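To keep things clear, I will list the structure first and then write my remarks on it.
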Amino acid sequence: MQPVSSIAGPIFWYEDIGLVFAALTSSSLPTPTPSSSLLLLSAKFSSLRFEELVDPAMVFIRSVSLLSKLCSRRVQLSSLYGSVRWLQIQSGSELDLHSQLKDLIPEQQERLKKLKAEHGKVQLGNITADMVIGGMRGMIGLLWETSLLDPDEGIRFRGLSIPECQKVLPTAIPGGEPLPEGLLWLLLTGKVPNKEQVHALSKELQSRATVPDHVYKAIDSLPETAHPMTQFATGVMALQVQSEFQKAYDKGIPKSKFWEPTYEDSLNLIAQVPIVACYVYRRIYKDGDIIPADGSLDYGANFSHMLGFDSSKMQELMRLYVTIHSDHEGGNVSAHTAHLVASALSDPYLSFAAALNGLAGPLHGLANQEVLLWIKSVVEECGENITTEQLKDYVWKTLNSGKVVPGFGHGVLRKTDPRYMCQREFALKHLPDDPLFQLVSKLYEVVPPILTQLGKVKNPWPNVDAHSGVLLNHFGLTEARYFTVLFGVSRSIGICSQLIWDRALGLPLERPKSVTMEWLENYCKKAT
Ligand SMILES: CC(C)(COP(=O)(O)OP(=O)(O)OC[C@H]1O[C@@H](n2cnc3c(N)ncnc32)[C@H](O)[C@@H]1OP(=O)(O)O)[C@@H](O)C(=O)NCCC(=O)NCCS
């Protein structure tokens with residue numbers, strides 16, 4: 001048998017193992033070609049007892065366990081494209097997320113130390129004056145472990161695309177949408193959890209989901225007319241008084257242990273934000289008739305329940321919604337804000353509240369509100385049976401009035417956002433005849449050629465926000481002003497996962513250099 005370290009093409013060998021697992025659990029996956037991994041596997045099977053070999057269940061269990069162990073040894077291999085494939089299906093005995101992280105953190109600390117020592121001086125690109133003036137587009141400047149955004153392929157969570165996540169993450173119903181708790185596990189550990197692990201994490205989050213009274217009072221002190229994001233961010237700020245990180249820091253906790261109270265704060269925050277968010281919703285739109293949590297439900301379904309929607313399709317939508325909005329690498333406004341604020345050792349509540357204030361901007365998270373309002377204004381003016389020509393005229397009217405077409409374009413993406421595509425697939429499956437969905441589909445045809453015609457838009461294709469509103473609207477969540485709060489709840493999962501790693505890896509205070517126009521003018525004159 002070849003020793004593991006000498007197998008040629010170890011990356012593909014490793015990924016094949018992931019596919020073997022997925023193939024064992026999902027018939028819809030492509031057939032793997034696990035050449036050397038199967039070789040190794042068959043050699044290992046020769047050590048099984050005869051009665052184990054003839055019992056298919058035993059063979060399956062032993063193969064899962066064996067592959068899991070093999071994968072464990074391969075968790076940090078880089079692919080040819082520089083991304084890391086950590087795909088691993090785990091055995092049911094490893095239910096404690098905290099102790100898994102405790103095992104992983106020293107490996108990753110060593111990895112970063114080695115990277116810095118061996119390659120710290122390698123150049124990653126040139127900085128141009130355009131980049132400094134243009135919002136740092138394309139400038140690599142952040143370490144963000146939980147996800148990576150490819151301009152053409154879209155987001156990958158720990159190396160997994162959205163369709164891959166939909167295939168391998170545990171679901172509440174067969175063939176259903178991924179459970180957000182599973183994604184949280186994946187983002188934190190880089191490993192695909194099994195059902196038991198996701199269930200255990202679900203229960204753990206429930207056990208942390210108690211919101212102190214003063215939080216409600218803080219929200220109540222605002223007028224009901226305050227924007228839902230203002231009320232939500234106020235609630236998150238009020239949660240901060242319970243920060244474990246702040247208490248531990250005040251007591252002089254050593255730097256090597258920073259991640260532990262950050263973990264506590266992060267899980268508490270992720271568990272509690274749906275309650276705060278639902279309080280805001282019910283306060284503004286349902287006369288303050290609050291619905292308590294249902295301990296029998298998973299994170300997404302319970303969120304839907306506390307908002308007041310108990311249909312199984314809406315529960316599925318919330319699972320999908322929370323999963324796909326959770327993380328979009330580190331440079332977007334909300335993620336970057338949290339990372340920056342946390343680099344000052346502000347705790348996760350302070351950092352996440354800051355992120356929410358960025359998310360509330362119309363060029364970022366508020367776009368989902370803007371899209372539904374804009375679509376409804378189209379219908380109001382032109383009716384539901386709008387022709388393509390009328391729609392084109394409306395798009396031009398919006399542009400000529402100096403506004404952007406909400407839901408289209410992106411700072412990094414250069415193709416249709418896969419988060420848009422999976423919502424489209426959800427709509428095709430569950431609400432194909434919804435008139436607003438049909439309008440969204442028509443916009444997909446009409447808007448990109450017009451934006452291209454403008455000549456300056458780098459990405460004319462729809463983004464995540466172009467679709468979410470009509471899905472929520474279909475199931476009765478019609479209050480567009482509230483939509484960004486849903487986005488915020490979801491973002492807690494990605495942002496907090498990375499904040500734990502920020503502290504575990506000992507990332508320093510963020511402090512980029514700024515310059516004045518005069519400095520730029522003088523520097524550029526000398527350089528040319
Ligand atoms: C997302 C967004 C802010 C990205 O901005 P960006 O990185 O500066 O995008 P670009 O480099 O393509 O912008 C170049 C120009 O095209 C314009 N543009 C980009 N998207 C546009 C849109 N959807 N409608 C009209 N104009 C648009 C920009 O406003 C900019 O114009 P300017 O030079 O006159 O200021 C931008 O596409 C946008 O405003 N989209 C609509 C809002 C939205 O959907 N936001 C959610 C993002 S997930």
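The backbone N, Cα and C atoms fix where each Cβ goes, glycine too.
Per TrEMBL, these features apply:
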type	residues	note
ACT_SITE	His364	active site
ACT_SITE	His410	active site
ACT_SITE	Asp465	active site
Spatial neighbours, same chain, of Asp465 (active site) - Cβ under 8 Å, 6+ residues apart: Gly365, Ala367, Asn368, Glu370, Val371, Pro406, Gly407
Set of same-chain residues at least 6 away whose C-beta sits under 8 angstroms from His410 (active site): Asp417, Asn459, Trp461, Asn463
CB within-chain contacts under 8 A for His364 (active site), separation at least 6: Asn332, Val333, Ser334, Gly358
Secondary structure at Asp465 (active site), reduced by DSSP to three states: helix
